[in-house]
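Here the structure comes first, spelled out in structure tokens, and everything after it is commentary.
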Amino acid sequence: MIRNVVVGVSGGVDSAVSAHLLAEQGFKVLGVFMRNWDEADEVGRCSGEADLKDAEWACRQLGVELRQVNYVREYWTAVFSQFLDDYQMGLTPNPDILCNRHIKFDLFHKHALENLGYDAVATGHYARNSLGNYLEGIASNNDARLLIPADTFKDQTFFLAGISRKALQRTMFPLGDFQKSQVKDLAKKIGFQRLAKKKESTGICFVGKRNFKDFIQEYITSKRGPFLDIDSGAVVGHHEGIHQWTVGQRCRLSSFLQPYFVARKEAASNTIYVASGHNHPALLSTHIAVDPPNWLCSKSQQILSDTGSLRCRFRFQHTKPLVDCQLSISPSNTFLVELDAPLRAITPGQYAVFYDDTACLGSARILSANPLKKKNAQTQQAQAANLVS
């Protein structure tokens, strides 16, 4: 039976309201604030100290003890170093997925259950657990599934798709049935107006409000290279480092009638291939190679293992619509995704996240995306128009 719950308290309204809801349900609640980035670093501009003060204030109002854990070294090793390595290799990483996998739902989760001896962990994520918002169904011995929340606009299952099934089995999402507006209304009702009015954090914490190109140049040395037209092979401009660009990004090259967009990056030669036009075939893909998936749904994993293929739904950006797809295993044991409709700017290093109608099934890092062949492009460009605008 679940009695004692550790809540990851960030200083924001969502985690504070989650702690309130847990206390109202009668759980013994312990708040823990995670410090993952060292603000002494001259580049990082996270609002860590202000967030800590807000977390302390919220816990005082709730009568909940607050402790701190420091994962700065572990975050640097497991998340930030990987982030830099990927950019130097021409990839575009997702540090939020890595942070959830390695820090919040691994180190922190284990600390809460094994070191502190608590029964479960709760977070302020907008997601649902099939065992219940408060793990009411944990005694059933059923596997937990990561379900889409009531507030589909705030859905954060995309960023949780890399966590382990073991961690999910002992994780509560008290906000799973709430709309964001309801959370803010409740916060005001219980005296948390200052948190309800607080601006939501967006983007990458360690970048803060800085321009990304300015930030990344502090860690990766610029290296001048060519922009090559992917059709003609002609040099149409120069860049100052492949780490400053991502697939689909507009290059803003002068002296050309049509705008150019990044189609592909080649780290070995420090070359960026660019395509003329927003929906150039080189920017559209239906076939994707991915790493072996991290499965949150054992049934889907078993279907793929038994039959060699799985019908599901796909996205690689959390704000984009889901697209039907088929995930398969090739004879060479490669995992392949075939989309029913082409998508624009599918980016190596990002994550393919798989869904059914109600749940997030798992995720896999994208290795490559094959561009549309020109002879098929005209009809498929029209098919893609509604998805890539």
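The backbone N, Cα and C atoms fix where each Cβ goes, and this holds for glycine too.
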Going by the ATP site in Swiss-Prot, where Gly8, Val9, Ser10, Gly11, Gly12, Val13, Asp14, Ser15, Gly124 are listed, which of the candidates Met34, Met89 is also part of it?
Met34
Return the member of Cys99, His125, Arg250, Gln350 nearest to Gly12 (ATP binding site) in space, with distance defined Cα to Cα and candidates limited to these recorded positions.
His125
In the three-state scheme derived from DSSP, which category covers Gln350 (site 'Interaction with tRNA')?
coil
Nearest by CA distance to Gly8 (ATP binding site): which of the recorded positions is it, out of Cys99, His125, Arg250?
His125
Please identify which of His125, Arg250 has the densest Cβ environment, defined as other Cβ atoms within 10 Å, among these recorded sites.
His125
Quick one: among the recorded positions Met34, Cys99, which has the most Cβ atoms sitting within 10 Å of its own Cβ?
Cys99
Same-chain residues six or more away whose CB lies under 8 A from the CB of Gln350 (site 'Interaction with tRNA')?
Thr92, Pro93, Asn94, Phe316, Gln317, Arg365, Ile366
